[in-house]
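To start, the structure under review is shown below, and the notes come after it.
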């Protein structure tokens, strides 16, 4: 997945990579429906709201990524055009990069859906995360040894580089995979994937607070759209949970009523 992302960025741009990343909720939703992890009933308002909420959240994330707009609190004398048209001049590289990025997004969606299937049969998040980290380390080591032949590149220095590596290993892998697996087991793959657009909006506002980035109108508009779609999906998910809890006692009661008849028939 990461190799496809890095290759796609090298052929296109980080802007396209961020925009293409918003396809993950849509891909995950389609895969969950195909493998019957999500129930899709067009007659149900809950299913329609969940679909519309996913599409709205994706459109909001695309708004933040592709539309910057005027800066808030800044006086602009001349509007600068978006850098996307200049990037579009290299059409072949742009298409190749887009294909790599779409492949990476599809792999992420498949990975999330597979986790849901594994946790359904073997509900142990930490065991699955341990195997993921183990085999991921083995595969990454083999690829890195083949790709990087310079011994100096393997030297670790006690500076921000070492801190970044440790943070990425502990928080970026173990903690993130563990929390994600727990959420997938509790709520399903679509619930986890819908947080992808929310992360884009959160990153934009944290950049303003901690890094001094400029807040633009596009970030505000996109964040509002994301919140609207996100709330729709969460509302539909909560209604589905309530519906399943209401129907569960009825199913148990019907089974308990049928069981004595079966037992009496067997005894006869």
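Cβ coordinates are placed from backbone N, Cα and C, and glycine is handled just like the others.
These come from TrEMBL:
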type	residues	note
TRANSMEM	16-37	transmembrane segment
TRANSMEM	49-67	transmembrane segment
TRANSMEM	94-114	transmembrane segment
DOMAIN	96-234	domain 'EamA'
TRANSMEM	126-147	transmembrane segment
TRANSMEM	162-183	transmembrane segment
TRANSMEM	190-211	transmembrane segment
TRANSMEM	217-236	transmembrane segment
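Using DSSP to sort the residues of the domain 'EamA' (96-234) gives these counts of helix, strand and coil: 120 helix, 1 strand, 18 coil. Counting Cβ pairs closer than 8 Å to the transmembrane segment (49-67), the top stretch among 16-37, 94-114, 126-147, 162-183, 217-236 is 217-236. Within its own chain, the transmembrane segment (16-37) is flanked in space by residues 5, 8-9, 51, 54-55, 57-58, 61-62, 65-66, 87, 94, 97-98, 101-102, 104-106, 108-110, 112-113, 116-117, 188-190, 192-194, 196-197, 200, which lie at least six positions past its ends and keep a Cβ under 8 Å from the stretch. With a threshold of 8 Å between CB atoms, the same-chain residues lying at least 6 positions outside the transmembrane segment (126-147) that come near it are 3, 115, 118-119, 173-174, 177-178, 181.
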